[in-house]
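Participant: Relevant sequence annotations retrieved from Swiss-Prot are reproduced here:
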- 1-15: topological domain 'Mitochondrial matrix' (TOPO_DOM)
- 35-40: topological domain 'Mitochondrial intermembrane' (TOPO_DOM)
- 67-72: topological domain 'Mitochondrial matrix' (TOPO_DOM)
- 106-128: topological domain 'Mitochondrial intermembrane' (TOPO_DOM)
- 184-190: topological domain 'Mitochondrial intermembrane' (TOPO_DOM)
- 224-232: topological domain 'Mitochondrial matrix' (TOPO_DOM)
- 257-261: topological domain 'Mitochondrial intermembrane' (TOPO_DOM)
- 16-34: transmembrane segment (TRANSMEM)
- 41-66: transmembrane segment (TRANSMEM)
- 73-105: transmembrane segment (TRANSMEM)
- 129-152: transmembrane segment (TRANSMEM)
- 156-183: transmembrane segment (TRANSMEM)
- 191-223: transmembrane segment (TRANSMEM)
- 233-256: transmembrane segment (TRANSMEM)
Amino acid sequence: MTHQTHAYHMVNPSPWPLTGALSALLMTSGLIMWFHFNSTTLLMLGLTTNMLTMYQWWRDVIRESTFQGHHTPNVQKGLRYGMILFIISEVLFFTGFFWAFYHSSLAPTPELGGCWPPTGIHPLNPLEVPLLNTSVLLASGVSITWAHHSLMEGNRNHMLQALFITIALGVYFTLLQASEYYEAPFTISDGVYGSTFFVATGFHGLHVIIGSTFLIVCFFRQLKFHFTSSHHFGFEAAAWYWHFVDVVWLFLYVSIYWWGS
């Protein structure tokens, strides 16, 4: 690398944005193939290429930040702004789903029987699995905060314990959500209720899986002593993302499960 007299990281050309975009195309196309033709080949190919891209891109970022020291305070500031803008874009993404839900439920059309939930739909009891899911995610919000405070205080063991608990709760939430989908008395094709329910909660579930993956990477990085109390933006970004997932679930629970039932 040539000598530089500024504090900014000039990133080398990378193939991972392109392979990431192609894997996203394969996954979305694969999802359509699965829904319409019951074939999972394309979906599996997309998931495989996505996981390979994630591994190699994360490897590059860890090398540049932890081992080459490219993540100066100026670079970290830019990354913080980037993460904040990303979370704002995700908020707007979910706003679209809530808009669709309230548009359909506040003024039900005659086709829906003029009522909400529509005639023939038996909604899930909000005081059963959904309430358990809420308590699981709230507990994970507490444990990720504990992990962050432990890291700031230099208590590595407590940080690892808290991070492990958060990951376990995230996996538990995903399993509960999967069992709920399996046992639900309606499907994604059951009119606007099924569509809004499964798309909104499904995309949230996808975000929980992404957040859990992010935290697992942080866990293995901390096992290798990558984070210090003053240099840990990778973990901080994961914590912000997890809190965002937490808050979105509270809105989903109150809107779709509790009020919508």
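Glycine is no exception: its Cβ is also placed from the backbone N, Cα and C atoms.
Let's see these features in context: how buried, what's close, how far.
Facilitator: The residues of the topological domain 'Mitochondrial matrix' (1-15), classed with DSSP into helix (H, G, I), strand (E, B) and coil, number 0 helix, 0 strand, 15 coil.
As a summary of secondary structure, the topological domain 'Mitochondrial matrix' (67-72) carries 1 helix, 0 strand, 5 coil according to DSSP.
If you look at the topological domain 'Mitochondrial matrix' (224-232), the same-chain residues 6 or more away from its ends with a CB under 8 A from one of its CBs are 62, 66, 71, 151-154, 156, 159, 218.
Secondary structure counts, DSSP: the topological domain 'Mitochondrial intermembrane' (257-261) has 3 helix, 0 strand, 2 coil.
Long-range contacts of the transmembrane segment (129-152) within the same chain, counting only residues at least 6 positions beyond its ends with a Cβ under 8 Å from a Cβ of the stretch, are 158-159, 162-163, 165-166, 169-170, 172-173, 176-177, 179-180, 215, 222, 227, 229, 232, 235-236, 239, 242-243, 245-246, 249-250, 253, 257-258.
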Participant: For the transmembrane segment (41-66) and the transmembrane segment (73-105), check the count of CB pairs under 8 Å (sequence separation 6 or more) and say whether it reaches 3 or more.
Facilitator: no
Participant: Considering only Cβ pairs within less than 8 angstroms, which of the stretches 16-34, 73-105, 191-223, 233-256 has the most against the transmembrane segment (156-183)?
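Facilitator: Counting Cβ pairs under 8 Å, the winner is 191-223.
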